[in-house]
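**Q** Straight from TrEMBL, here's the annotation block:
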type: DOMAIN; residues: B:10-140; note: domain 'Exoribonuclease phosphorolytic'
type: BINDING; residues: B:86, B:124, B:125, B:126; note: phosphate binding site
type: DOMAIN; residues: B:159-223; note: domain 'Exoribonuclease phosphorolytic'
């Protein structure tokens, strides 16, 4: 019933490639099926102006789509002169999700910026970005520990995310583009590795949803995220 | 324990003033305690370009804060040359929430734009905006029915929203600013008048939250929204 | 002959509501008939960079119209990415008018910004804004005196403004929108409380005007402004 | 007492050079002493969208200063990404002044744009621009009449402008930069060739001004403008 | 003497991977050593407005660098609100180079846009982009021929580019970043497959260069480009 | 065969007027036939932020075209809110060319900005700008030496530029607009006074060009530049 005979609760094949580019302190290409996002974590030894002198670190994120990551070409945001509302919304979500698992106090005045650039988009780019950025950020912190700038890694947990949705009577996990476009309700869930919630964003695109549907969506998301966390851990053990 | 001895589950006093300004087809000043948002609904007889010729209507929204609606002055977005990420995120949420209760097919090629401008901000401006915009939009559609442009009102339900949050061990409904700043988790819930969900957006600002906390938040939101819907209906009966 | 049987020299009913919002150091809703402008004065303890270290204060102003303050909806300037020429012209006029009655030397390095936001527009928004901003600024200075930041109020006079115009053979004072659109000549006059001139801006929209007409316009403006100053003083005595 | 022993009522030497550049339909370099403004009138056979189909013409103007037209270099507006408030204010004034002497109805759907670019600035650039633009526009209309696009020149009068000011006890005509900076009151006056007023903009930079001072300023402006109109007519007879 | 014992005239290892992403009509990842550029060619069935109705096609290009393609993070152009001068210069060069080998007349009203996004930058990104874009464009045209939209491929030749430079007394071909930074003269050469010149851009960064040096640079570029063309042809034969 | 019976190798009549405006430290109007560019050099005693504290100077340039310098009116870049790609490309070229002949180390922390504004455009505006800017910069440095800020003029050579092109079988020097539009190949060459190359930029607009054609273009450019250098020296001796 789903493309490639995928089961309703099944996450797409996940590939996490570390050290994808050469210069970033953490560089991860994350793939969820045909969705491919490059997550590059940059370490800088200065924090935003409003944080200076407080002895605290900061984590932020930016998101972009290559113009032809999609079926038809999107206008390049640099050429149109501004980032659209969807882009801003997504990069704010990624940044909040990453900060939720970092002990900013123990970082010192260091800033980590994770750039999430979509190479190919087949649904779920923001959840793939969060899941990949977590690994890239882990590598960046490991780099800082290794070179002695930090005593310990300030990450308290992995963070992973998945989208779930209602199509007709079914609850599907990890929607790809054709499913996402057809879903009545679409929900993005961000969790820690032990299954606690960092962010949930559910939207009824068609009919409003009821409590039971929400419960089923959360259950499906929890299972999907467990799989993603397993993939993150495996990637970091390589 | 809450300011003004408010109970944990209690919504602030709600005032909904219709016909607040003279020219808009629907004009509502909505007040939740000290939060005051002016919601003006405009009817235009043309739809965005990508919808032209499809015989369908559209509903959209814009959001802004007056520079001194807040404790310290915010820079005027018109002067800084762009709308910030938070503004874009909020106006997209308001627009989706309104569209979720309108039968766009039956509207014909008409567009309704609801401008939500914050006169005074004491927390919960986006949920107040949605709750007020629903009434302003209802008035705009009534105006179209009255003058014969529409046969029937295309609204399928009222839409209302409230924020709920976790502060320490408490679940609070309809957070005001000092509560919002201190909350561990902050969730905005948008529902139809019969309590089905249109949108939920929950964010762990401090510790991640667990399933039981989410259930309690949703329960509190449901009760708060029921009160808001009662206020909306009362306002429309005047 | 004028709407609501107003006499040619008659100013519209004026209402000046102080403390209209809760956070600004001075907050005034000024109404001239159906024209309603919210004037919020903000005090900040730093001056623009080019003034730093000179021991002198500054007064500035910003102006905006809510998108549906007008008969048909205007595009939101924050969304279009810049303030239009009319907006800039008006906010520069308001700022100059306010500075003309303030002893900047005696203020110390303090800046007062008055935001004038038009809630409803029926002609004369810039003159209403100046007249209301004068009261909001007076409240802001009183606040500074009260809390001991200033020894004395640096305002040397009230400042008030009115528009006058030529319609056919008549000189009308305080034009409302339908009159303004039809006027051959439209003049905005800004005066101190003792009737000296701070700014006059007269424009022939149709036929050029002659010296006698200018004299009649100035006479009418002077009388109108005297009434406005009376209203300002009454408001400040409440 | 004034630089170069100029008398209080005396206008600086005026030079009006027609056909200054080769391509514009009207091209005038206007000089008032050291102030030099290039005014190029362009004819285009289409009007702004909101005027299309009404059988009427339009006249507009743009204004700019070369970065080093001034004593110290100003930032190039094209590089800073927007036109400042002063620029917008001035180009709107020039455009209104030109339109006031043109019968737009009789022009047909033609647009004239006059670009006023300041080559060297020594005070009075906006009034020089208006005075030069009038001649450039006259040449553009003559060009249209000559090639048969218009039956008659739609200009009803020349338009000329001058600045006048109060310095101490003196009324000075045609202020140069050092005078302008020191003036208590500065007024720009735009008149038709028969001395009727199109626009007056007077601003008290220091002390407010009284009725008698205004009368003296207007008298001085009227005399100055008469001289400028003489220079315009002489230039057009060459 | 060069990094990795490269000979002065030697081009870095070239890899050209076709069909790198799934949706673009031509998608090529081109690698010159550590420089990696993704070139996606998009076909659209409409031309820019100024070309409409002329029965002719158009080829254009855009260029961007991922923020962390470089050693230290560059600001994202979409976030800063404009494309920098270097970006504009490069994308104009790529577009001219591609158009030089296409018979636009025979394309019909079709537009090809090649997006060149730098994944990793180690010098020579613009020349790699041109060399990769040629292959991506070839694939896009082959796609159009295959589906019957074009009778024949309108490309008249491959186009390839290389940078050459003077370091001390040496002429080096295909500069990598450390060489490029140290070069006295840096020249980009764009040629057809038969070695005719499309574009040469040589810049003396240090000392001006003489005729003999230019001859040596051109000779080196010609040889380098021959190798690149061989790699292009091999890639297209796979 | 060329307009005005010009010989193929002949440069247009060159006029270099120094002290064209009154305030710039160097001010030159340069004319190549009908092409007229005003080059104003400004001296400022501070360098860009990234150079501060290094004891070194900087030279930069900006370029603009007056809207009606061309046959039909171009949109004013200040009004459209950004500088186009062509403008950026040209001002970067001018700046590089000027820096190539200046010993920045010996300047101290001084910045020279040369504004090149095109008054009238008939082809070759960028090469005229470079040739005129060299003289304006020389005057600015002479001014600094004269007032004692610099011990010696840091210019190592004049810099001059010319365009050359292939039209049919002919090599033409110093193309005017009608030639430029028709040329198959167009090349801009920038040289020192002793004929060494600073920059060459050759573009095949039609057919690619071969080595022999390039040689002929360079030969023609060299001769043209020699004439321009002669004119520069003559101007500086006046």
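Glycine is treated like the rest: Cβ placed from N, Cα and C.
Whatever TrEMBL says is automated annotation, not expert-curated.
So where do these features actually land, and what's packed around them?
**A** With DSSP states grouped into helix (H, G, I), strand (E, B) and coil, the domain 'Exoribonuclease phosphorolytic' (B:10-140) comes out at 42 helix, 41 strand, 48 coil.
Within its own chain, residue B:124 (phosphate binding site) has B:32, B:35, B:162, B:163, B:174, B:175, B:176, B:180 as residues 6 or more apart in sequence whose C-beta sits under 8 angstroms from its own.
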**Q** If you count other CB atoms within 10 A of each CB, which of B:86, B:126 wins among these binding-site residues?
**A** B:126
**Q** Under 8 Å Cβ-Cβ from residue B:125 (phosphate binding site), six or more apart in the same chain: what's there?
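**A** Once residues fewer than 6 apart are set aside, residue B:125 (phosphate binding site) is near B:35, B:37, B:65, B:90, B:118.
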**Q** Tally of helix, strand and coil residues over the domain 'Exoribonuclease phosphorolytic' (B:159-223) according to DSSP?
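**A** The composition, in the requested order, is 19 helix, 30 strand, 16 coil.
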**Q** For the domain 'Exoribonuclease phosphorolytic' (B:159-223), would you mind checking the mean pLDDT of the predicted model?
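**A** A mean pLDDT of 96 is what the predicted model shows over the domain 'Exoribonuclease phosphorolytic' (B:159-223).
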